[in-house]
Amino acid sequence: MENPALTKPNTANTVELLANERNGCSFSTQAMDNFINGPEWIKMRNTAVAIIRKNPEIFDLTQVYFMDREQLLDKVMQTEAKIAQLLIDNKITHNEAVALSYFLDVSGPYRLHRSMFIPTLERQANDEQKKAFLEPARNYQILGCYAQTEMGHGSNIRGLETTATFVEEDDTFEINSPTLTSTKWWIGGLGLAATHACVMTQLIVKGKHYGLYPVIVPIRDPKTFKPYPGVNVGDIGPKMGFNSVDNGFANFQKVRVPRFNVLQRYINISRTGEVSLFKNVDPRVTYSTMVFVRANIVNNMGRELAKAVTITSRYTAVRKQGWANTTDEVPVLNYDIVQYRLIPLVAKTFAMLGMSHEFYAQYELCKNNIESGDFSLLKEMHAVSCGLKKWCSDTTIYGVDTCRHLCGGHGFSSFAGFSFSFNNLYPNIIWEGDNFVLAQQTARYLIKSALEVTESTGSKSADPTSLLLSRYTPENTMFSWKYSSVSQIANNMDLLLDLLAYRFSYFTHNLAKKIHVENQSWNDSLVEVQALSTVYSEYMICMYFKRHINKLSSANDIYQPLKNLYCVTALSFLLRNTGELYSLSSAAGIDHKFIANLEDELMRAIKLARTQLIPLVDSLGLPDEKLNSSLGRYDGKVYEDYMSRALMEPLNRKDSGTRIRDHLYKEYTGSILHSGKKQSRL
Ligand SMILES: Cc1cc2nc3c(=O)[nH]c(=O)nc-3n(C[C@H](O)[C@H](O)[C@H](O)COP(=O)(O)OP(=O)(O)OC[C@H]3O[C@@H](n4cnc5c(N)ncnc54)[C@H](O)[C@@H]3O)c2cc1C
């Protein structure tokens with residue numbers, strides 16, 4: 001369908017408005033991009049975007065908004081096959097493949113192969129098993145998934161029912177799903193694509209139960225693609241979103257796999273069924289893959305919120321609504337309330353991306369230590385990764401929704417670019433540990449650490465969290481901010497961080513006392529547990545973000561904008577729930593006036609960020625292909641793109657539109673219009 005409106009002038013001047021926003025920027029967007037995304041990511045981005053642009057017949061996904069599930073799977077499998085081929089031909093690396101999937105913005109059936117199956121093998125397989133499974137997995141000779149969740153159990157993994165029982169006679173393990181509820185469920189890649197599953201099982205050897213261990217179970221014959229005998233496998237059906245992924249189910253009727261298939265990096269099972277656990281192995285090492293996956297989620301969440309804030313900043317900068325004077329209408333971004341809703345999200349995006357560099361570095365350190373037998377960092381890493389996964393996914397998912405709302409009615413159109421990503425992102429608050437459950441892991445670690453600090457006997461941990469808990473005991477009256485004005489505090493990264501550290505320490509000691517002195521039950525503590533996990537994670541975000549910013553000289557032209565974004569982040573954390581600030585010890589000097597002044601400081605910092613908002617989001621470096629959005633286009637041609645996409649709607653297309661309309665008219669509308677009531681009452 002054509003529309004003459006497209007040839008008429010665009011009086012909203014969106015292109016000029018957006019270009020003007022980019023004038024007079026005080027910093028280099030390229031340098032900012034380099035700092036916040038890192039050179040490695042930028043290299044991968046360049047490779048990915050070049051491939052997407054070189055192969056539009058495969059990678060142009062502008063049509064996905066019109067597709068049903070079958071069409072979507074077909075399109076996504078086409079992209080997956082191409083990515084796999086590029087990998088097999090050594091044209092791209094594994095990380096570039098991950099980046100390519102990210103920029104395409106539509107998940108496919110091989111996603112879990114890359115993000116869970118391969119990482120599990122990397123961490124939990126011994127050298128021989130790596131040869132047998134990891135190498136073919138990397139070459140796409142086998143396709144895997146990660147099958148942990150069952151129909152009856154998700155959060156409580158100890159309740160999983162699938163068993164792997166050693167059968168000495170033929171040197172195998174028998175995989176069995178004893179009940180309906182033991183059916184593996186929700187498993188990405190299993191419904192359609194996987195040849196193998198990494199199945200989490202209750203390991204039983206000679207009648208003894210050893211807990212949960214991963215076993216590689218062949219699912220479908222790669223030659224015929226038929227399921228192996230005893231494996232009942234399928235797709236779990238339509239979901240609220242994420243329908244381009246084949247989440248599947250499987251149950252196993254006494255399926256035997258070689259003993260070799262039990263991943264044995266940290267456990268050894270001999271031919272005669274002797275089980276040895278390697279010395280000094282922390283029992284949670286089996287879950288170290290989850291720490292890695294959570295670290296990835298944390299990083300991805302920043303990248304996904306980057307998409308939403310880029311679209312929203314650009315659109316609100318050109319969307320005019322309301323008169324400033326008799327001739328000019330105001331871009332909605334100039335309304336304080338729009339800035340107040342949007343700019344803290346932009347700041348948190350930078351915080352997530354910035355802190356991810358440092359968090360990954362810490363994860364790498366922890367991983368390397370584990371490889372040399374030192375597990376001392378794992379406890380804190382596990383707790384931090386749980387808290388950050390919860391915080392980052394909550395912030396991103398609800399942040400994307402806020403962005404959608406900020407764009408008004410047009411935000412509700414698929415062409416805005418939010419609907420698909422919101423639905424696809426949403427499971428991040430559920431998988432890899434439901435967020436409300438993960439918060440408990442973080443809080444348990446904190447309460448235990450607080451107890452160690454306050455008890456006079458026993459070994460004391462020297463991890464950074466414990467040191468802070470020792471510094472800010474309930475008796476402490478030394479506060480670094482005590483002799484500074486609110487304005488000085490609000491502009492000082494160290495003082496803001498001290499406030500955040502004090503807040504989480506105070507909450508921790510308080511809850512530890514309730515539980516250990518006043519015998520408050522864990523169940524009765526669950527509301528406070530959520531708050532504790534949040535305040536701890538907010539501290540961690542700022543601590544890592546500051547560490548990253550401090551790598552810059554203060555003379556660098558990107559330093560001040562970053563420092564301001566840090567201040568917006570920290571202030572919005574402190575002011576998220578002012579009740580929390582009022583509940584702190586009066587010795588800390590935080591009273592009504594202090595809080596009111598902090599609120600003024602937050603608004604001042606937001607307004608400062610507004611002046612360069614568009615260059616800031618440009619620095620996030622998202623190409624139009626990732627945004628797939630009329631509202632967020634780099635060139636500001638919002639309305640032209642919007643109308644062009646609407647004309648592509650099948651209802652409007654010449655062939656399909658006529659057919660659909662004729663059918664509906666013939667079947668329903670025509671007969672209604674013409675039957676009418678024999679006699680009108682009027
Ligand atoms: C799109 C999608 C893809 C997935 N992909 C995979 C995959 O590839 N592989 C895989 O193994 N799994 C996968 N999962 C499963 C996912 O990991 C689980 O859904 C998740 O761990 C939550 O478990 P559950 O569904 O059993 O929820 P439940 O544990 O039943 O939770 C139900 C409710 O109870 C609350 N709750 C549970 N326990 C507690 C507690 N102790 N204290 C307080 N509250 C509690 C939760 O907060 C939640 O609100 C996927 C899920 C989704 C939605």
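Even glycines carry a Cβ here, placed using N, Cα and C.
Sequence annotations record features per position, and here TrEMBL assigns domain 'Acyl-coenzyme A oxidase N-terminal' to 29-143. The domain 'Acyl-CoA oxidase/dehydrogenase middle' feature in TrEMBL is assigned to 145-254. Taken from TrEMBL, the feature FAD binding site applies to T149, G188. Per TrEMBL, the feature domain 'Acyl-CoA oxidase C-alpha1' maps to 287-447. TrEMBL lists E432 with the feature active site, proton acceptor. As annotated by TrEMBL, domain 'Acyl-CoA oxidase C-terminal' applies to 493-657.
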Pairwise CA distance, G188 (FAD binding site) versus E432 (active site, proton acceptor), rounded so that it is a whole Å: 12
Length of the line joining the Cα atoms of T149 (FAD binding site) and the residue listed as 'active site, proton acceptor', in Å: 10
Confidence summary for the domain 'Acyl-CoA oxidase/dehydrogenase middle' (145-254), mean pLDDT rounded: 97
Secondary structure of G188 (FAD binding site) (DSSP, helix/strand/coil): coil
Intrachain C-beta neighbours of E432 (active site, proton acceptor), sequence separation six or more, cut-off 8 angstroms: M290, V293, R294, I297, K389
Residue among the binding-site residues T149, G188 whose Cβ has the most other Cβ atoms within 10 Å: G188
